[in-house]
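J.: Attaching a single structure in structure tokens format; questions to follow.
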Amino acid sequence: MELFILTIDYAGTFVFAISGALAGMKQKFDVFGVFILGLTTAIGGGTLRDLLIGSTPVGWMQNTIYVYIVLGAVVFTYLFRNHFRKLRRSMFLFDTIGIALYTILGLKKALSFGLSPEICVMLGVVSATFGGVIRDVLSGTAPLIFRKEIYASACLAGGVLFLLTDQWLGEVAGMTVAIIAVFLIRFFAVRNQWSLSFQQGD
Amino acid sequence: MELFILTIDYAGTFVFAISGALAGMKQKFDVFGVFILGLTTAIGGGTLRDLLIGSTPVGWMQNTIYVYIVLGAVVFTYLFRNHFRKLRRSMFLFDTIGIALYTILGLKKALSFGLSPEICVMLGVVSATFGGVIRDVLSGTAPLIFRKEIYASACLAGGVLFLLTDQWLGEVAGMTVAIIAVFLIRFFAVRNQWSLSFQQGD
Amino acid sequence: MELFILTIDYAGTFVFAISGALAGMKQKFDVFGVFILGLTTAIGGGTLRDLLIGSTPVGWMQNTIYVYIVLGAVVFTYLFRNHFRKLRRSMFLFDTIGIALYTILGLKKALSFGLSPEICVMLGVVSATFGGVIRDVLSGTAPLIFRKEIYASACLAGGVLFLLTDQWLGEVAGMTVAIIAVFLIRFFAVRNQWSLSFQQGD
């Protein structure tokens with residue numbers, strides 16, 4: 001289980017960093033800017049969660065591997081910058097498993113600080129999604145996830161599901177169920193172009 | 001007094017959340033985005049203050065009622081989205097009493113951390129106004145309060161007044177005086193279109 | 001040495017605040033907005049570093065002189081707003097020595113929290129450069145340092161150099177070498193228009 005979590009965590013960091021690096025290259029940022037955008041996208045959500053609950057120094061600073069994964073992702077993005085259309089499916093896969101996992105890991109960390117379930121679910125969603133918000137603010141665009149097909153909402157559903165099931169099913173099964181749920185919700189949302197818009201018909 | 005503070009605090013949260021939700025709807029954000037914008041507007045200022053002084057987990061996480069107030073405000077905003085012109089006066093009232101109160105509560109919290117009066121006044125102003133700054137950054141516009149008629153300046157005046165008077169008048173009277181002062185300054189500023197622009201005549 | 005550090009620290013704060021105040025005036029912010037932009041530019045980087053490592057209340061709040069330096073810088077900027085072209089050289093000088101010093105001071109503070117060298121160098125760069133990032137986000141433009149000629153990269157080089165040399169040379173000499181290195185890199189980068197763009201030729 002530990003190994004499974006680590007694998008997803010690292011793969012998720014890599015994919016999130018790629019999405020940040022791509023956004024930075026699109027904005028014609030320089031090497032430093034692209035790296036910072038990759039880094040903030042990858043670790044921004046967890047950083048905000050850690051700041052809000054007061055868990056400092058924030059998580060990624062305690063293990064340099066995250067910085068090296070981001071560095072690797074930036075180099076990878078540069079080398080394969082013309083091939084990302086083909087990689088879209090793999091990226092969608094890791095991104096979706098990544099947000100599912102980050103939701104649950106964030107939620108569990110918040111629970112360990114004695115916060116109420118509602119707040120913990122929110123912190124799970126923050127962990128999974130605010131890296132992307134920071135990426136968009138730093139590249140000067142309104143945050144995509146505030147507009148996009150079901151994304152944060154899938155995390156929310158997964159977080160609630162985990163809270164409801166982990167006491168019956170045990171942690172490992174609860175986590176698996178929640179991750180599969182996030183994946184399925186997001187998969188069908190993207191395929192069927194579901195959205196949660198307030199305005200119908202425009 | 002406690003009841004009075006709570007009432008204003010909750011009413012202020014509600015009104016701030018409405019202003020965030022309206023901004024989100026204007027940007028055509030989805031349900032999640034509108035909620036996040038309502039939430040950050042309502043609790044962003046106090047959150048930044050708590051982070052800066054190191055009071056974590058930040059305040060609103062310790063009492064779920066704030067999240068439910070924001071949720072209620074988002075639903076309310078959606079239902080009455082075509083009626084806000086009529087509600088403008090009530091909103092102005094609560095918003096202005098809200099920023100006055102948040103200034104004083106923020107200032108008092110900062111004082112309890114042993115910081116100097118100047119810094120505490122600044123933290124009071126941050127508590128009252130930075131929710132709006134975050135709202136504007138997240139919706140992709142330059143912060144309104146950096147341009148607007150007297151707003152933060154009214155908070156600043158109220159905070160200084162509270163510091164100068166609460167030892168003579170007692171806390172309750174000092175607070176009342178400060179809140180009335182913020183209200184009057186802002187009321188006349190809006191009515192007479194006062195501003196603190198550096199550039200005259202453009 | 002202490003005196004030297006203090007002088008640079010205060011002069012750097014003054015110059016950073018001027019750059020923020022100028023950005024605010026360009027956006028036609030009001031007095032409050034210009035002050036906040038000056039303040040966040042001057043103290044934003046160190047504030048972010050302190051939040052990330054958990055050193056709260058953040059540094060500038062523990063000594064009101066920073067607020068008064070920023071206030072002075074805003075008044076100075078307003079009075080001499082038409083003369084900044086002539087002051088460009090002095091500003092470049094203090095800005096460059098400032099980022100060099102902030103890199104080293106930030107790095108040393110991070111080291112004292114027991115973080116790994118890579119993370120400490122990053123926190124040094126964050127201390128030196130993120131005030132400018134926050135300035136740009138708050139004035140609604142994509143961060144300049146993500147695009148600009150060698151800037152953060154000079155800080156990075158200086159930070160690494162300091163880590164490599166301070167054990168041989170002693171702290172004072174290591175710091176001097178690092179500051180001179182940042183200065184020279186940035187000086188030649190600006191003169192020769194070096195950049196670290198990913199895209200050649202566009």
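Just so you know, glycine gets a Cβ as well, placed from its N, Cα and C.
Just so it is clear, the model here is predicted, and its values are computed rather than measured.
Residues or ranges marked as domain 'Glycine transporter' in TrEMBL: C:7-81, C:93-165. Feature annotation from TrEMBL assigns transmembrane segment to C:6-24, C:31-48, C:60-80, C:119-138, C:172-189.
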J.: On average, what pLDDT score does this prediction assign to the domain 'Glycine transporter' (C:7-81)?
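T.: Across the domain 'Glycine transporter' (C:7-81), the average pLDDT comes out at 89.
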J.: How about the transmembrane segment (C:6-24) with the transmembrane segment (C:172-189) - do they touch, taking at least 3 C-beta pairs under 8 Å (6 or more apart in sequence) as contact?
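T.: Per Cβ check, the transmembrane segment (C:6-24) does not touch the transmembrane segment (C:172-189).
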J.: Hey, which bits of the same chain come close to the transmembrane segment (C:119-138), Cβ under 8 Å, at least six residues off its ends?
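T.: Same-chain residues near the transmembrane segment (C:119-138) but 6 or more away: 16, 19-20, 23, 36-37, 40-46, 48-49, 52-53, 98-100, 102-107, 109-111, 144-146, 151-152, 155-156, 159-160, 163.
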J.: So how many of the residues in the domain 'Glycine transporter' (C:7-81) end up helix, strand or coil by DSSP?
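T.: Residue counts in helix, strand and coil order: 62 helix, 1 strand, 12 coil.
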J.: Taking residues 6+ outside the transmembrane segment (C:31-48), which of them lie with a CB under 8 Å of any CB in it?
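T.: Sequence-distant neighbours of the transmembrane segment (C:31-48): 13-14, 16-21, 23-25, 58-60, 66-67, 69-71, 73-74, 77-78, 102, 106, 126-135, 138-139.
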J.: Determine how many residues of the domain 'Glycine transporter' (C:93-165) DSSP places in helix, in strand and in coil.
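T.: Counting residues by DSSP class gives 58 helix, 0 strand, 15 coil.
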